[in-house]
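For reference, Swiss-Prot has these:
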BINDING   GLY81, 84-85, THR89, 91-94, 109-117, ALA121  5-phospho-alpha-D-ribose 1-diphosphate binding site
BINDING   GLY81, ASN112  anthranilate 1 binding site
BINDING   SER93, GLU226  Mg(2+) 1 binding site
BINDING   ARG167  anthranilate 2 binding site
BINDING   ASP225, GLU226  Mg(2+) 2 binding site
Amino acid sequence: MTDLKPFLAKAASREPLTRDEARAAFDILMSGQATPSQIGGFLMALRVRGESVDEIVGAVTTMRSKMLTVEAPADAIDIVGTGGDASGTYNISTLAALIVAGAGVPVAKHGNRALSSKSGAADNLSALGVNIDVGPEIISRCIAEASVGFMFAQLHHSAMRHVGPSRVELGTRTIFNLLGPLSNPAGVRRQLLGVFSPQWLVPLAEVMRDLGSECVWVVHGDGLDEITTTGITKVAALEDGKIRTFELSPADFGVSPCVLADIKGGDGVANAAALREVLGGAKNAYRDVSLANAAASLVISGKVETIRDGMKLAAHSLDSGATALALDKLIAVSNDID
């Protein structure tokens, strides 16, 4: 089917689409076969009613089928957030990814430019000297040689160009804010996935279960799409096909609580400078919150069994210089494109 109207009518009547219907509808959207009015109407109908697990699974299935893929080890992990929390923090998941890479776990980092902050992962890494405009072969080399590679979302999801203008005109969150982090081009099956609202914790864990993920922690920390050290982090963890919910506090990581202002960042250049300060030995709130996210990621990866063991390994990665070396290698390999 190449006509969105039947799906638009069903969504407008507040009736959920089946998984197959959602897959077909998003194929129409992402193939350029729907008008801007149809795209906007359809996305807002889903938003107002509330997107279902089946609709998200169907949409992700279509998005994954159209993406430019990257080869990565089977045990690779991604540390990624939906964005949209409007917090303007430092690039926590970026530093956490480098720490995890330094600890010997391959990271296939998926990200984009800033959505609601001044610096997204792409802005931050670019300011650090990483070449983010590279193809799958170079990214695979980065993962092999630096234990971390960065996949710039807009280069891997070109079909998004068909819905981009409508999303900009709508000016509000749509289902597409959720789809990117669920569509890792390297097909990772282990993720630390931050979400902008706690209402999505269990639903997204269910989505990842239905899509075949092995271990995913979906987290929301005190308003952030990250594990936080400002207060309580809520977690929905997919492990061995089962979902459990729990909470984490700064004490669980052995760090002192901070306030949001302590981890507020700036633009890509400012955040790059802050990241390099931590690599240089600075002991501050940015270090603590990044270690916390890295520690959880090391548990998810299976490298360690407990958060405290994860903190020890993450701190060793930083303090031994392994994290800095991972960044240096990422910069070198990503720029070696002759």
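Just so you know, glycine gets a Cβ as well, placed from its N, Cα and C.
Distribution of Swiss-Prot features across the structure.
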residue : record                                              : DSSP (3 states)
GLY81   : 5-phospho-alpha-D-ribose 1-diphosphate binding site : strand
THR89   : 5-phospho-alpha-D-ribose 1-diphosphate binding site : strand
HIS110  : 5-phospho-alpha-D-ribose 1-diphosphate binding site : strand
ARG167  : anthranilate 2 binding site                         : helix
ASP225  : Mg(2+) 2 binding site                               : coil
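Taking only the Cα positions, the spacing between ARG113 (5-phospho-alpha-D-ribose 1-diphosphate binding site) and ARG167 (anthranilate 2 binding site) is 16 angstrom.
Of the listed binding-site residues, namely HIS110, ARG167, the sparsest Cβ surroundings within 10 Å are found at ARG167.
Checked against ARG167 (anthranilate 2 binding site) by C-alpha proximity, the binding-site residues GLY81, THR89, SER93, GLU226 yield GLY81 as the nearest. Looking only at Cα atoms, ASP225 (Mg(2+) 2 binding site) sits nearest to GLY81 among the binding-site residues GLY81, HIS110, ASN112. For ASN112 (anthranilate 1 binding site), applying a Cβ distance below 8 Å and a minimum sequence separation of six or more within one chain yields GLY83, GLY120, ALA121, ALA122, PHE152, ALA153, GLN154, GLY180. Contacts of SER93 (5-phospho-alpha-D-ribose 1-diphosphate binding site) defined by a Cβ separation under 8 A and a same-chain sequence distance of 6+ are given as ILE79, VAL80, GLY81, LYS109, GLY111, ALA121, LEU192, GLY194, GLU226, ASN293, in order along the sequence.
A sphere of 10 angstroms centred on the C-beta of ARG113 (5-phospho-alpha-D-ribose 1-diphosphate binding site) encloses 18 other C-beta atoms. For THR89 (5-phospho-alpha-D-ribose 1-diphosphate binding site), other Cβ atoms within 10 Å of its Cβ number 24.
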